[in-house]
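As annotated by Swiss-Prot, active site, nucleophile applies to Asp180. The active site, proton donor annotation in Swiss-Prot covers Asp182, and the record cites similarity to another entry as its basis. Positions annotated as ATP binding site by Swiss-Prot: Arg132. Residues or ranges marked as Mg(2+) binding site by Swiss-Prot on the basis of similarity to another entry: Asp180, Asp182, Asp444. What Swiss-Prot records for Asp180, Asp182, Asp188, Thr216, Asp402, Lys410 is IMP binding site.
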Amino acid sequence: MTSRYRVEYALKSHRRDEFIEWIKGLLAVPFVLHADVENYDTDFMKHYEDPEAYEDYLLSREYEIALECQNRYKEIFADVEKLVNHAIIIDKLQDKNPTYVDTSRLRKLVPSVGRFFTPLPLTEAFLVEDSRRSISKRRLVSPSFNDVRSILNTAQVLALAKMYQDSDESGSRLKLITFDGDVTLYADGSSLTPDAPVIDKLIKLLSMNLFIGVVTAAGYPGQSGVPQYYERLKGLIDRIRTTPELNDHQRENLLVMGGESNYLFRYDNEFGNLKFIEADEWYLPIMSSWDKLKIDYIMSTTDKHLKHLQKKFKLDDMDKTTIIRKERSIGIIPNPGYRILREHLEEMVLSCSMKLQEILARTARTPVNMEIVNQLDTSQAVSTQNAADDHIKVCAFNGGSDVWVDIGDKSLGVESLQKYLCKDVKYEHKVCPILKSESLHIGDQFASLGANDFKARLSACTVWIASPRETVAILEDLIQHLSNK
């Protein structure tokens with residue numbers, strides 16, 4: 001019963017990515033029809049009664065079957081690649097003429113699919129991942145979610161590398177790479193130690209004159225917040241300070257965006273550490289227009305609602321949980337030695353997201369769409385948006401062991417970095433503008449609609465990883481391809 005529950009729970013629609021699931025469905029057909037010699041070959045019957053001869057016959061056909069499967073899979077990825085290119089063309093036409101009403105074939109098939117800022121060489125990426133994961137050689141396990149996720153990641157890296165190789169210094173190329181913190185750069189709740197393998201990769205990217213940003217939910221305002229971020233990134237910051245691989249200009253290309261999009265820090269050579277950047281130097285116009293009283297009201301109402309949920313689920317004992325309220329975020333965290341049930345975390349993040357919809361509907365100058373999104377990934381973040389300039393973006397998300405509500409989201413965090421860096425006169429605007437197609441966000445929270453890192457898809461190309469080890473692997477690939485220029 002427990003095993004069945006876990007399987008069914010994991011397969012809930014709100015935990016799926018529709019685009020990946022759709023590709024999985026396409027790949028299931030050739031797997032069923034071509035991945036087993038018995039499915040299309042009758043010669044096996046001659047050897048069926050002799051187990052040894054039958055086994056030898058199957059082994060003799062392994063290569064042929066794998067090649068057939070690979071070709072079938074390649075055909076599918078080639079077709080999906082064309083659909084992505086068509087979607088990019090239609091999106092560009094709509095950007096030029098908003099009255100253009102045609103919808104791309106891909107968006108008709110997968111309505112929830114987001115925008116693609118670069119073409120995706122999926123066929124090439126599939127061959128790369130097939131050589132690593134032996135997808136075509138499998139007979140009992142069909143192409144999986146992680147297979148498709150890895151192929152999409154590799155395709156994005158290949159696309160950015162090709163753009164980088166084809167450009168000159170002032171042309172369109174990869175300029176900014178941002179990262180989530182927990183589970184992406186370091187283990188959940190941990191920090192970057194001096195021996196972390198990802199540090200070498202980050203230093204190499206900085207030495208290539210790329211901007212590196214850490215866009216994290218952890219929010220510590222002001223210069224007084226520097227020690228907390230230093231504690232999280234100590235290994236990297238110490239290495240940047242002392243390494244001869246970087247010049248002073250490159251050292252200051254490290255930035256940290258805290259609280260999703262609320263607090264900006266930058267490495268400063270004089271400080272030898274991070275320096276807090278005042279909001280008026282980097283806030284986007286939409287963020288500057290937000291009413292502080294309205295923000296306080298959102299925080300106060302959410303605080304009250306969290307206390308209600310804390311009491312409702314009997315989490316209000318002093319040894320169980322604590323509600324922490326900051327300037328632009330509020331959350332409920334477990335006390336040492338206690339663990340909040342996964343179901344309670346999901347209930348709380350769903351409840352908070354719905355409460356936020358109500359709050360924003362009451363406070364917005366223009367009515368907020370009250371339709372709750374069809375797919376809510378309660379293990380991730382739920383973000384609310386409206387076209388109105390005064391509408392405050394709010395993000396409710398599950399950090400894995402706690403639940404937080406932040407003002408802003410990572411789409412604003414990444415976009416703020418893009419705009420802020422172009423204000424720096426020392427770059428003589430050679431890097432400007434930093435386009436969405438020239439930015440890459442790497443994170444672990446992309447499942448379904450409204451997730452924490454999911455929002456970064458609005459402002460940059462993305463890579464979906466599942467562990468710091470995967471981050472190192474994808475950066476190795478990226479550096480290798482960029483260095484081939």
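FYI, residue positions are counted from 1 along the chain as it appears here.
Just so you know, glycine gets a Cβ as well, placed from its N, Cα and C.
Features per Swiss-Prot, on structure.
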residue	record	DSSP class
Arg132	ATP binding site	helix
Asp180	active site, nucleophile	coil
Asp188	IMP binding site	coil
Thr216	IMP binding site	coil
Asp402	IMP binding site	coil
Lys410	IMP binding site	helix
Asp444	Mg(2+) binding site	coil
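The recorded positions recorded for this entry are Asp180, Asp188, Thr216, Asp402, Lys410, and the Cα of Asp180 lies nearest to that of Asp444 (Mg(2+) binding site).
In this view, the densest Cβ surroundings among the recorded positions Asp182, Asp188, Asp444 belong to Asp444, judged by other Cβ atoms lying within 10 Å. Counting every protein chain shown, 19 other Cβ atoms lie within 10 Å of the Cβ of Asp402 (IMP binding site). For Arg132 (ATP binding site), other Cβ atoms within 10 Å of its Cβ number 11. Rounded to the nearest whole angstrom, the C-alpha distance between Asp182 (active site, proton donor) and Asp402 (IMP binding site) is 13. Rounded to a whole number, the C-alpha distance linking Asp188 (IMP binding site) with the residue listed as 'active site, nucleophile' is 11 angstrom. Taken over all pairs of the listed IMP-binding residues (Asp180, Asp182, Asp188, Thr216, Asp402, Lys410), the Cα spread reaches a maximum of 18 Å, rounded to the nearest whole number.
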